[in-house]
Amino acid sequence: MRVVLAEDLFLLRDGLVRMLEAYGFEIVAAVESGPELDAALARSRPDVAVVDVRLPPTHTDEGLQCALRARRARPGLPVLVLSQHVEQLYARELLADGSGGVGYLLKDRVFDADQFVDAVRRVAAGGTAMDPQVIQQLLSRRAGDGRPLDGLTPREREVLELMAQGRSNAAIAGQLVVTERAIAKHTSNIFAKLGLEVSDDDNRRVLAVLAHLDRDR
Amino acid sequence: MNTDTKSDVVRDRIREVVLAAVRGLVLALVMLPLSILCLVLSLVSIAFVPLGLGILTTPAVLDGVRRFADVRRRLSQEWCGMPIRSSYRPVPEDASPWTRTVVLLSDPATWRDLRWLAVDMTAGYVTALLPAVLLFYPFEGFAVAAGLWRVLADGHTYWYGFVPVTDQPSALGAAATAVVLLLAAYRLTPRLLTAHFRLTRALLGGGREELTERVRVLTETRRDAVDTSAAELRRIERDLHDGAQARLVAMGMDLGTIEMLLDKDPAQARRLLSQARRNSVEALEELRDLVRGIHPPVLAERGLGDAVRALALRLPVPTEVTVELSGRADAPVESAAYFAVSEVLTNAVKHSGADRIWADLLHADGMLRVTVTDNGRGGATVAAGTGLAGIERRLGTFDGVLAVSSPAGGPTLVTMEIPCALS
């Protein structure tokens, strides 16, 4: 799998390259600034781009802007955005085009290499990988409102959280150490309680959940 | 074309001259009695202070004097484009007459007003009347020449200015003088009115006291700013010391133990490893929170508008944010505004009981204006010691102001204004 990597801190870039290569990815470009990233994305048509939000020369949200630009030029281009902090605002912008293949994770998530690589693969395959922090903010907000999530059992809430991060039923089952059948039952309960359409597509599932959580604000 | 513009210039000039003369006349006729009245009342009232009666009348009289002076300041701005600043010390709204009298009498601006009144009814009167005289007196000269001299000089000498009029030729001499006067009026009238307002400004303008007051305010706000930032530094140091730093130390110790245990007790080593990783995650989380407290990342990346939007997304109460900013303010202003908004929003969430909040950010006329409204129960005040007073002090560093309208029963409306330019 061909990866374009953009990260301005040498140590992190180096670490990411070594880690991704260890998991069998092919790094076609590892760049350190916005303009270089633009060029690399246009030139090498990667399977997935892993991009730091903050990049030179502006040291603002250059990386995010590059990613959004590249996805406008090539809809559905898988992009995984990494950041020192996660903001719903940015998550929304990434999910806005609804074409999937996006991820938005805290940089710390690389501590768990297996899960991180899983997220990269998921995004490359057109799925989503949203940071638990974003999801938790959304869920706690809704819970604070005391509206739609009230009807969920604690277990269902746990499943919803993992689902909203972009995990498949199989992955959720693995994480919670139950059978996939049990998860399927939970998810259909959740969908019923939240009034969402059932869909097999992982990516649409997440978008549906997020859209629901996002409603009426 | 050329002649057109020339006649335009002349027409404009004539308008200007007539306007200046009329304004001068108004100043002289309307203001003279008022000036005399103000001065006499003030002096009498102040003289009666020792008798006690003055304590009751002085605040009212001096208030009137200030209003009168403010009218003149406004006229100076409107008629001559010459702003005159006032620098009265604030008088407490609900103070006793005695306190008010003391505050008023100890304000140098009060004595400056009285001095001005004395000059205004003499030199000020003359400089205001002159433009009118220069313009209107010549018309009498023309009337005299046209035949009026027969009535006026009936049997004796009529003086038009310095010209003795006794017959038609001398009346024509009066007309010639009138022409000269008219020419002088054409050249001088607006300038004379300007001279009048210069005089007013020299006496009424807040010269040194104003600067002194400004220095006092700046000194105060600087001290506040230094205090706040010193406290902030202490908080950061403590947070680092007790949080991230301690966790990293613990992690280092764990790693050392792991190194030792690796062969002897792999199971225990694995347990410690996961603990070390948890520590590193928590250290990062603490650092992240700390960074957000110093300078929120979205603020650095996107500026005030999006930072407030991002903030609103994290609030447990649905918050609508409207932003009309054409650029970014200086980083310190942005930061101050952000933390002020953040604190106001937090207050609204915590204390107002509102289920809906609106935040509006707007930049117009060199002012950043932020309004936070909620539909809660109201009753918020800027009394000393509350969070709102803290915000007010912080905004003061940037000459910003805070206004709160929060009647019991709500809604609460907090407005903040900071003078700044966007780039």
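Using the three backbone atoms N, Cα and C, a Cβ is placed for every residue, glycine included.
Please treat TrEMBL annotations as automatic predictions, because they have not gone through curation.
Matching B:48-65, B:192-209, B:282-299, B:354-371 against TrEMBL, the residues noted as transmembrane segment span B:48-65.
Among residues of the same chain six or more beyond the transmembrane segment (B:169-188), those with a C-beta under 8 A of the stretch's C-beta atoms are 13-14, 17, 21, 131, 134-135, 137-142, 144-145, 149, 160-163.
Taking pairs at least six residues apart, the transmembrane segment (B:48-65) and the transmembrane segment (B:20-42) share three or more Cβ pairs below 8 Å and count as touching. As a summary of secondary structure, the domain 'Histidine kinase/HSP90-like ATPase' (B:336-419) carries 27 helix, 29 strand, 28 coil according to DSSP.
Per-residue confidence over the domain 'Putative sensor' (B:28-204) averages 83 (mean pLDDT, predicted model).
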